[in-house]
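Student: When I checked TrEMBL for this same protein, it listed these features:
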| type | residues | note |
| --- | --- | --- |
| COMPBIAS | 98-107 | compositional bias 'Basic and acidic residues' |
| REGION | 1-65 | region 'Disordered' |
| REGION | 97-119 | region 'Disordered' |
| REGION | 444-465 | region 'Disordered' |
| TRANSMEM | 182-203 | transmembrane segment |
| TRANSMEM | 215-235 | transmembrane segment |
| TRANSMEM | 247-270 | transmembrane segment |
| TRANSMEM | 277-299 | transmembrane segment |
| TRANSMEM | 374-394 | transmembrane segment |
| TRANSMEM | 414-437 | transmembrane segment |
| TRANSMEM | 468-489 | transmembrane segment |
| TRANSMEM | 510-529 | transmembrane segment |
Amino acid sequence: MDRAMSSPQEAHEPEGVNGEQPDDQIKVHGTQFNAPEDRAKSTSSETSQEKGPEKTVQPATKTRTPYVQLRPFTHKYLIRRPRALQYFQDGNYVETLPSRHDSHQSGEAEPPEPNSSMWLSSRHRVPTALIPLPDGTDTRNTEEPILQRKRLDLFIDLLWVGIVSNISESFTNAAFREDGAYGIAFLEYLVLFFIAWQIWNYLRDLLNTFFTDDLLQRAVIVWVLILALLFGNSTPYFTNSHETQKVIIVIFLIARGTFFFTEAVYLCFLPSLRRQFLYRFFFSTLVGGLFVGAIYLKWPGNSGLYVPAIALEMASLSFTNSPIQDRLLKGHHRKAPDPEHMVDRFESFFILIVGEGVFLLIKNSPLGLGITSQSSLGVMVLVIYHTVFSIYSASDQTKNYIHAVRRAWWSTTLWMIIHTWIFASFLLCDASLLYLIQNSVEGSSPSAATENVGTDNTGSGATKSPSAALISAKWTAAVTLGITLLCLTGKDLLNKSLDPPGTLIINNRFSLIAVIMAMIWGVGIWEWFSGLENGAKFVEPSDPQAQ
């Protein structure tokens with residue numbers, strides 16, 4: 001009777017001993033597949049009996065591929081309960097990152113233990129690795145929650161490519177003018193870049209800690225992207241009038257308020273993180289108050305409020321990561337970043353900045369047709385970009401080390417602040433190098449150079465002479481490139497090397513820095529020596545007649 005009441009699918013399923021499923025077949029989520037080793041046997045036997053062409057459509061009990069794809073979410077809920085993916089509890093790092101088994105159908109499989117190989121594969125983001133299911137089948141999972149977040153991160157970066165491009169172009173147009181308002185242009189750049197960076201960083205922090213990919217979070221993300229779109233399109237008009245500046249600041253304040261309101265809603269379900277949120281909200285209120293006050297002042301006088309606001313925001317990182325806050329939060333949880341995601345996102349933003357410079361080498365064909373006099377300068381700039389990118393990627397070349405983000409609270413704070421300086425300085429370097437290519441003396445006539453010099457955003461049409469503009473661009477490119485290399489050195493020194501002596505040719509990283517500096521000074525001394533006139537002496541004699 002029970003057999004008669006079974007489903008059609010079950011009626012055709014072969015049974016093993018005592019009604020168990022035979023070893024040569026596997027059932028996953030109600031679908032039956034042949035085992036990988038027996039599938040090859042059955043295929044070879046079929047081909048030996050049938051000499052016809054290979055069939056592209058196989059029977060329903062077989063699969064087209066030996067891999068089964070699983071999606072991470074069943075989308076049972078439009079709104080998921082907020083959860084912190086990782087946090088600190090009494091100084092211990094606790095991780096609740098969802099695995100691909102987080103939302104499978106109930107009763108199918110339990111989530112793996114945190115110390116299982118399946119969990120480790122998920123944490124280390126190996127999307128193409130073969131991860132075994134509890135029943136022994138191999139799967140190629142392409143829909144990890146982590147991969148979902150990485151795809152979203154990529155889309156966010158695409159929008160910020162346009163934002164930083166507008167900021168860079170706005171600085172170029174404002175910096176090289178006849179009135180010599182380079183300092184004002186730099187202040188404008190500083191404010192705009194800080195706003196763009198803060199919105200990006202707040203969005204990164206939200207996805208790093210509270211990624212749920214539900215309906216409400218998607219709505220928040222789209223809303224923030226709309227605000228970022230409006231901000232990016234408004235950046236060229238920042239100094240045009242007081243009203244346009246007010247619009248940009250209001251957009252920034254709305255974006256900040258969105259993040260804090262969203263986190264406040266999440267913390268209604270996470271009471272252990274509320275006290276830390278109050279501390280962060282206190283600092284954010286001070287920073288927001290300075291920006292609100294700047295709305296009622298005119299440019300550039302209100303820069304006296306913008307600069308302290310930026311400094312206070314950077315200083316607040318020291319408190320939120322310091323042991324002082326841990327003592328104040330005794331008995332409460334503290335937000336903790338996902339180190340791998342955090343490092344990936346900062347690396348992505350650096351690639352975004354470098355990509356902006358490379359993109360400008362192609363946009364509007366600044367090198368001209370074929371091999372021109374500007375081509376050599378363009379090749380040199382491309383080599384600079386590649387070298388800086390290689391230095392960032394290679395780090396200090398240590399084989400075994402503790403990353404700065406995992407080392408201590410102070411190294412994490414410095415690592416984040418140094419990255420901010422790297423991004424801001426290298427974006428200025430991009431803008432200056434492009435200006436040098438477009439207005440190089442060898443590559444364009446004086447009239448063309450004057451034509452290409454940046455104009456005033458206010459529409460006055462005032463321009464700086466080509467020679468003065470080129471000098472400003474050269475100094476800007478040199479200084480910002482030097483700051484970038486210095487910050488890259490500091491970033492790498494924050495890592496703790498664990499290499500034993502003899503691993504590298506120069507074991508001590510500080511000795512390596514000393515050698516590089518000595519080589520640079522040696523080149524400078526040789527340049528000074530080779531420029532001496534014929535018959536020059538090493539020391540000036542005391543008798544003037546002997547000269």
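A Cβ is built for glycine as well, from the same backbone N, Cα and C atoms used for every other residue.
TrEMBL entries are annotated by machine, without manual review.
Since we're looking at a predicted model, the values are computed, not measured.
Provide an account of the burial state, proximal residues and distances for the features listed.
Tutor: The list of residues near the transmembrane segment (215-235) in space but at least 6 beyond its ends in sequence, with Cβ under 8 angstroms from a Cβ of it, reads 78-79, 152, 156, 159-160, 162-163, 166-167, 170, 192, 195-196, 199-200, 203, 206, 244, 247-248, 251-252, 254-255, 258-259, 262.
Counting residues 6+ beyond its ends, the transmembrane segment (247-270) has Cβ neighbours under 8 Å at 81-84, 192, 195, 198-199, 202-203, 205-206, 210, 217, 220, 223-224, 227-228, 230-231, 234-235, 238, 277, 281, 284, 288, 291-292, 294-295, 333 in the same chain.
Within its own chain, the transmembrane segment (277-299) is flanked in space by residues 188, 238-239, 242, 245-246, 249-250, 252-253, 256, 260, 263-264, 267, 305-306, 308-309, 312-313, 316, 319-320, 325, 328, which lie at least six positions past its ends and keep a Cβ under 8 Å from the stretch.
Panel annotation: around the transmembrane segment (414-437), residues 164, 167-169, 171-172, 176, 189-190, 193, 197, 314, 317, 346, 349-350, 353-354, 356-357, 360-361, 366-367, 374, 377-378, 381, 384, 388, 404-405, 443, 454, 469-470, 473-474, 476-477, 480-481, 483-484, 487-488, 490-491, 494 of the same chain, lying at least six beyond its termini, place a Cβ under 8 Å from a Cβ of the stretch.
Counting residues 6+ beyond its ends, the transmembrane segment (510-529) has Cβ neighbours under 8 Å at 489, 493 in the same chain.
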Student: Which sequence positions outside the transmembrane segment (468-489), separated from its termini by at least 6 residues, show Cβ-Cβ distances below 8 Å to it?
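Tutor: Cβ under 8 Å, 6 or more out: 175-176, 182, 384, 388, 391-392, 418-419, 421-422, 425-426, 428-429, 431-433, 435-436, 439-441, 453-454, 513.
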